[in-house]
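Asks: Sharing the features that TrEMBL gives for it:
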type: COMPBIAS; residues: 33-43; note: compositional bias 'Basic and acidic residues'
type: DOMAIN; residues: 55-167; note: domain 'HotDog ACOT-type'
type: DOMAIN; residues: 229-342; note: domain 'HotDog ACOT-type'
type: DOMAIN; residues: 417-576; note: domain 'START'
type: REGION; residues: 28-55; note: region 'Disordered'
type: REGION; residues: 209-228; note: region 'Disordered'
Amino acid sequence: RCLLKMVKGNIIVPEDILSFCCNGLQGSTSPPRAREPGEREEAPGAMAGPSPARNPTEVQMSQLVLPCHTNHRGELSTGQLLKWIDTAACLSAERHAGCPCVTASMDDIYFEHTISVGQVVNIKAKVNRAFNSSMEVGIQVSYEDLCSGKHCSICKAYATFVAQGPLGSKVRLKPLTPQTEEEKIEYSIAAERRRMRLVHKDTLKDLLTHSPQETELETRDGSGAVPAERTRVESVELVLPPHANHQGNTFGGQIMAWMENVATIAASRLCHAHPTLRAIEMFHFRGPSQVGDRLVLKAIVNNSFKNSMEVGVCAEAYGQEMSVSCRHINSAFMTFVVLDQEGQPRTLPMVAPEPGDGERRYREASARKKIRLDRKYVVSCKQTEVPLSVPWDQSNKVYLSYNNVSALKMLVAKANWALAREKDKVRMYTLEEDKFLSFRIEMSVCIPAGRAFSLLSNLRRRHEWDSHYVSAELVQKVDDDDMIYHVVSQKLRHENKPQDFVILASRRKPCSKGDPYVVAFRSVTLPTHPARAEFTRGETLCSGFCIWPESEEMSKVAYYNQAMPGYLNYVTTNVAGLSSNICSTFEACEKFLLKNKDDLISRLQD
């Protein structure tokens, strides 16, 4: 009755009703003040000051792990986690696209910890970069223990989504503008990750081509080989409306959960124990599935290593009549371990592959293990954890090239550069971090960006403007974008012999408008060019050029370098103004570019 009297002729909002109810419970007899027409509600926390802007594509999901989500050990099922990951990523993609999106692929996922019942899973997803009709979504997963307050990272993943219009047509996406330093780094490296995904299959083919063709079975003491056929699993699932997303297609996360289920069964048949999923290799969805489809899921253990095994699993879709040809939906490769009571991986039985396809899968599993290790320790780790000179071979060329370019892009995206010196048109900046002193030197040059890119990416001509270089020999042309040089430089102060380097030069043209031309350098090792007595072997971790077009005839050319200990004295002397060698070298670079900008074609032909 009180509320009815208040409503008559006044505007009552839920906050007022809640306030009235609370006051009533506390014995207050004063009714709440009715808000006058046109009066604005004061924002909660308005006196606390403005909050930082939030990425509009960011989606946060928190899920309490209940018994229905767990396996027999009371741990969160990985299949359920994959559902939540895919859901959060899809919602983030659709926030940016403004239309339905479907999962196209998922990069490698490494699960660092298990999650127990009663704990909370926190998932954060946001779009890193939008391309033409696809976009990369970054996902971070952690768990929270509500009793102890402990937080721990579970995994980090990158998913690719495609925006779809009416009747499945592709939608051109609007560009994404990164705001924070972290977003700028992810935005820049997303283009390089995309390039790596596109050559993923070719990497496996190249490795298998250059490896021995015969299958070598491992011998393991105290363990007999288990025929791979004993681990084979086949299961069928009927796609019902609860399994479909809001577009009517089978939910990608649901397909991944079903695949994880049959893969776990296959792994259990080998080890006769309950395995733990440790990693899922990069995979692609090849086509959609709809409500009413029959999904046939097949899994088999491809290879067993000492402490881990790889299970291959595929999903095929049929209509009501399963005699009709199937549609291949997805294939994935999952790595399992079996943990003992101390949480350490147990030794696993060997696998005896069947002749033909079984031996092919066995060999491919070994190749994929090497590729996974390359990706994990060259691509996924922090830049400071990558060895300076990583051995170069055909199997890791894609990942070393990725690491080379992404390290430079991360350095470029740093926000705390400070202007140290300015001489004429040349500006020198420094970036002081815990382990590195980096410098950037830049100027504007009257030359088209593409021409500057072609001239500066050819190390054989660097001695024409850089007095520190004596010679640069092209050792190996990996492809059009990656080359390996043997570089000889001048003697350093207090050294009685010149330095030499084996350098990987990776060049990239802009992926989209606003991106720079990139030429990145890092040290590698080659068995054909070991360290020699007449040289002091030098190393470079991260250096290179970025070139931004300012107009059709003007470019901003910037050189970046993370100074190594042997080079540090030279850098600090220039930063402090006690020497102008770096500025003078860059001025010589400008003269070189201006001199050669018109006769570039004839020079390249020579």
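Keep in mind that glycine also has a Cβ here, set from the backbone N, Cα and C atoms.
Automatic prediction, not curation, is the source of TrEMBL annotations.
If you look at the structure here, what lies around each of the features I listed?
Replies: Over the domain 'HotDog ACOT-type' (55-167), the average per-residue pLDDT in this prediction is 93.
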Asks: DSSP says what for the domain 'HotDog ACOT-type' (55-167): how many helix, strand, coil residues?
Replies: 25 helix, 54 strand, 34 coil
Asks: Where DSSP helix means H, G or I and strand means E or B, what are the helix, strand and coil counts for the domain 'HotDog ACOT-type' (229-342)?
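Replies: Split into helix, strand and coil, the domain 'HotDog ACOT-type' (229-342) gives 26 helix, 51 strand, 37 coil.
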